[in-house]
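According to TrEMBL:
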| type | residues | note |
| --- | --- | --- |
| DOMAIN | 193-557 | domain 'PUM-HD' |
| REGION | 93-146 | region 'Disordered' |
| REPEAT | 296-331 | repeat 'Pumilio' |
| REPEAT | 332-367 | repeat 'Pumilio' |
| REPEAT | 368-405 | repeat 'Pumilio' |
| REPEAT | 496-531 | repeat 'Pumilio' |
Amino acid sequence: MPRPLAHAQAHPAFGWQQIADGLRGWRLALENGRIWEEDADWPDEALRSRWAETLKELELPRLTKRYPELIDPLLFRLLEMVVQLSEALAASSEGAKAKGGSDDTPTSLPQGEGGDQAEDLSQRGPRGGAVPRPDAEPSEEDPSPEALGERLAQIFTLLHFIQALQIVSGYRGEGERCYGQGQAGPTPPGPEQEAEWLEGVLPHLLVRRRSREKETERKEGALVETLQTAAGADRICAQMEAASGEALPVLWAALVAATLPCLPQLSCDPNASRVISKLMSQPLFTGELRSRIINRLRGSLFHLVRDKHGCWIVQQGLQSGGLEFVEALVVELRGRVLTCSRHMYGNFVLQRCIELFPAKAVHPMLGELVGNAVAASLNLYSGRVLQRIMEHCNHENEHMKQILDSLLESEALGRLVTSAHGHNVLRSMLLRASAPRVQSLVAFFLEGDLLSCARNRHASLVLESCLEALCRPDLAEPLRPARGALVERILGSEGEEDPLFVRVALDRFGNYVCQRVIVISQGAEAQRVLSLIALMGPKLRRTTNGRHILQAARSKFGPLENKSKESNA
């Protein structure tokens with residue numbers, strides 16, 4: 001009598017209709033090369049998940065679709081597992097009741113129907129190791145039904161799935177014929193032949209797995225080579241832009257798998273870096289994938305910061321990598337901020353850091369610049385970093401106060417005001433500086449050679465910014481005296497024949513200072529401006545710089561002819 005039928009008669013309440021429906025579902029799935037998981041209710045969850053996991057790991061659905069003759073042996077083994085698990089649990093429950101124990105705690109594996117095979121399997125662990133025999137003393141902690149089910153599943157999947165794969169691999173012992181040449185199917189090996197049988201089959205399976213790994217490595221290597229060419233990088237970027245739906249995660253996963261082993265090197269490649277930057281800008285750059293990429297770049301970030309192409313990868317990471325990327329970069333830049341700020345590529349990364357980092361991450365960086373603020377301001381690259389610091393950092397921070405105080409010292413101002421790079425740092429500072437600091441800069445101009453500053457390319461720009469800062473709404477009242485003194489110094493007092501305004505109005509740089517004075521003038525200051533323009537009228541109309549002055553005056557006061565008549569009247 002067939003074994004399933006014998007069990008059906010011995011166990012009428014076993015649920016054979018459910019088993020039959022389940023087997024039909026598994027058969028249909030395996031015929032179509034799928035793992036049947038949706039709406040599956042047989043066998044129990046622990047055994048079903050283990051079965052599906054093993055099918056997927058051994059790629060059996062693909063094989064069963066190509067070789068349908070595999071399906072019957074597989075389903076027969078599944079049914080065997082379910083029956084033996086049921087018998088084991090039932091016997092364990094009866095034994096526990098007899099001893100006064102828990103109903104659902106089995107103490108050992110009984111010998112199920114089939115005798116020798118069940119007894120032999122009860123002595124084998126998941127990897128061929130020993131497990132307690134039925135007549136052994138129970139352990140302190142008996143296995144749960146779930147653990148027992150997983151144990152049986154591991155035993156059967158290891159032994160019988162390999163036996164099923166034997167059909168496809170063509171392996172047979174001496175004197176046996178391959179399946180498909182007259183033999184009905186594989187014969188399960190007995191306990192005495194099992195070691196020899198596994199010794200012959202397992203190497204074959206290991207070779208197949210290694211072959212798949214080599215093929216994967218070959219494909220990933222080809223993809224990496226493609227990334228390093230201009231045409232290949234363009235094509236992959238275009239594919240990412242065109243991909244949508246389910247195709248995008250697949251493409252993403254393939255690129256990440258291929259680039260991850262050599263990600264730091266590819267980030268410095270002129271072509272591959274474009275693809276990596278685009279990868280990091282994708283909406284999928286979150287969660288586990290983002291962590292994998294960031295962890296791979298750890299230890300190489302400082303090198304990337306100073307690379308022409310790598311610095312763009314770091315900036316893209318700051319933009320979309322979240323706090324995790326920020327923390328990784330802060331660690332690698334510790335003690336290297338000044339060096340990085342003076343680098344032709346590193347300074348761009350630091351500027352991005354200051355714009356995006358939270359205050360608690362930026363303040364330690366400021367500490368590394370405290371003693372070198374003036375020298376950094378005079379440098380082409382680090383001067384840009386100081387500008388971003390002035391624009392984005394809190395001026396009342398302790399490190400920031402020290403930097404500002406060092407920049408506003410009289411000797412430092414003398415160098416910075418006329419510096420090609422330092423003057424930009426001062427102008428950025430004036431946008432948010434407090435009243436005392438603006439007043440310090442006004443005092444420098446009043447006490448120094450204002451005429452030379454107005455005629456200097458760089459100092460004239462600082463003077464313009466200073467005039468603008470004096471008109472800021474939050475500083476207008478406290479700086480009213482300083483503003484009045486500086487404007488009077490430029491316009492001169494009533495009756496003065498050759499004021500500073502007249503002397504620099506036709507200068508290539510000084511005329512911009514005069515235009516700024518015209519814009520901010522009010523009341524008596526405006527009248528003084530109009531009188532000086534009227535006095536210089538013919539000269540202003542004959543030169544380009546003079547016409548700039550006249551245009552600024554018309555924008556401020558309207559037609560100057562009417563103003564002249566009113567003044568004469």
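Placement of Cβ uses the backbone N, Cα and C atoms for every residue, glycine included.
Secondary structure by DSSP for the repeat 'Pumilio' (368-405): 29 helix, 0 strand, 9 coil. Mean pLDDT of the predicted structure over the repeat 'Pumilio' (332-367): 91. Note on the repeat 'Pumilio' (332-367): DSSP counts are 27 helix, 0 strand, 9 coil.
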